[in-house]
Amino acid sequence: MKKVAVLGAGSWGTALAMVLCDNQHDVRLWTHNSEQKIKMEKDRKNLKYLPNIDLPDSLRLFDDLAKAIEDVEAIVLVVPTKAIRETCQKLNKVLKQKIPIIHGSKGIEPDSHFRISEMIKEEMLPELVDEVVALSGPSHAEEVSVKHPTTLTAASKSERNAIFTQDLFMNDYFRVYTSTDIIGVELGGALKNIIALGAGISDGLGYGDNAKAALITRGLAEITRLATMKGANPLTFIGLSGVGDLIVTCTSVHSRNWRAGNMLGKGLPLNEVLDQMGMIVEGIRTTEAVNQMAKQEKVEMPITAGIYNVIFEKKTPKEVVDHLMTRNRTNEIDDISTLLIDRFKH
Ligand SMILES: NC(=O)C1=CN([C@@H]2O[C@H](COP(=O)(O)OP(=O)(O)OC[C@H]3O[C@@H](n4cnc5c(N)ncnc54)[C@H](OP(=O)(O)O)[C@@H]3O)[C@@H](O)[C@H]2O)C=CC1
Ligand SMILES: O=C(CO)COP(=O)(O)O
């Protein structure tokens, strides 16, 4: 039994805290929102983010970060990407010793182009953090919270920290693999949200399975192209954080990114879409970040560029689809295989 603090009481933080409670750990769930803490304590539910689920009796709720992390042996950070730096700054003031930091967030920061673990390492005092673990894979909170079989990857440059995370979370409905390719796992988890927005747009336009399969497959090609350039192992993308997370996010009504894309495809303006969602849609900021990265790295990412044009340049989804379909003819695998051959030569 370990003492663990989960920081972030949205749908994913709550679902991960429930898994840890099932594994008999002493779990504290922290929210930055005092009203939410009082409400969750009274209802023993998280009515805003996971309304149909009863919280385990053993789960303790906190709005005081210092109390939440007192004596804990691990921290699970599950706030939206835009809140990662702020939460790390708060942790610097109250954390007393170095303990494993595991994160479950999926995003890339615009301008810095940092992955979550890079933001954590930049923001936290060096004496408080070693190798961060990313816990990522095809996993909707709605399904994990009702104990449907789910598989994820715990990735860290430190194999020891990855195995620690596997031990902490793994049970008969939550299977955790380990990996040392944190670059690939974080990029796969974040970039699939862009493609999920595209899949939602495609469904919103009334297109069918052919279009969605094309988006998933060609989306995977451009994710692999950029990620390999950034140092990821290309094999990660035929795994849970690549094709796995693309499938789950592009084909499920649980996905907020798919749902937001679907509304955009039906013609709703972005501000109305975000108002209606009321939950984090990570793909929007990640599209901005990855469109910048692709230009900087000179990597061709036509689907990402198209989604950027719909969201930020007011192009219609139909214009973007026409553009994607009439691009210069090309060979399906030449571009990726060249990258892979180059990588394995070194
Ligand atoms: N939901 C899922 O199935 C999965 C989500 N993820 C990832 O997990 C991360 C969190 O997403 P998720 O839980 O779904 O998001 P939700 O939209 O369900 O909840 C977001 C939570 O973050 C809180 N929050 C907002 N701003 C801050 C802040 N500045 N400091 C602390 N907390 C803050 C919100 O509080 P408030 O209500 O006060 O705004 C809310 O509790 C994302 O990166 C997402 O991609 C990964 C895998 C699965
Ligand atoms: O990352 C997820 C599933 O693996 C959740 O995706 P959404 O943020 O689109 O809901």
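Quick reminder: no glycine exception, Cβ is built from N, Cα and C everywhere.
Residues ARG256, ASN257 are recorded by TrEMBL as substrate binders, and the candidate that the same record lists for that site, out of LYS96, LYS98, LYS106, is LYS106. Per TrEMBL, NAD(+) is bound by GLY8, ALA9, GLY10, SER11, TRP12, GLY13, ARG256; the candidate from ALA134, ALA141 named for the same site is ALA141.
Between the binding-site residues ASP245, GLU282, the minimum number of other C-beta atoms within 10 Å of a residue's C-beta occurs at GLU282. Long-range Cβ contacts of LYS192 (sn-glycerol 3-phosphate binding site) within its own chain (separation 6+, distance under 8 Å): LYS106, GLY219, ILE223, GLY242, ASP245, LEU246, THR249, CYS250.
Note: the CA-CA distance between SER255 (sn-glycerol 3-phosphate binding site) and ALA141 (NAD(+) binding site) rounds to 10 Å. Here sn-glycerol 3-phosphate is bound by LYS106, GLY137, SER139, LYS192, ASP245, SER255, ARG256, ASN257 per the record. The longest Cα to Cα distance in that group is 16 Å. In this entry, NADPH is bound by SER11, TRP12, HIS32, TYR49, LYS106, ALA141, ARG256, ILE280, GLU282, whose most widely separated C-alpha atoms sit 22 angstrom apart.
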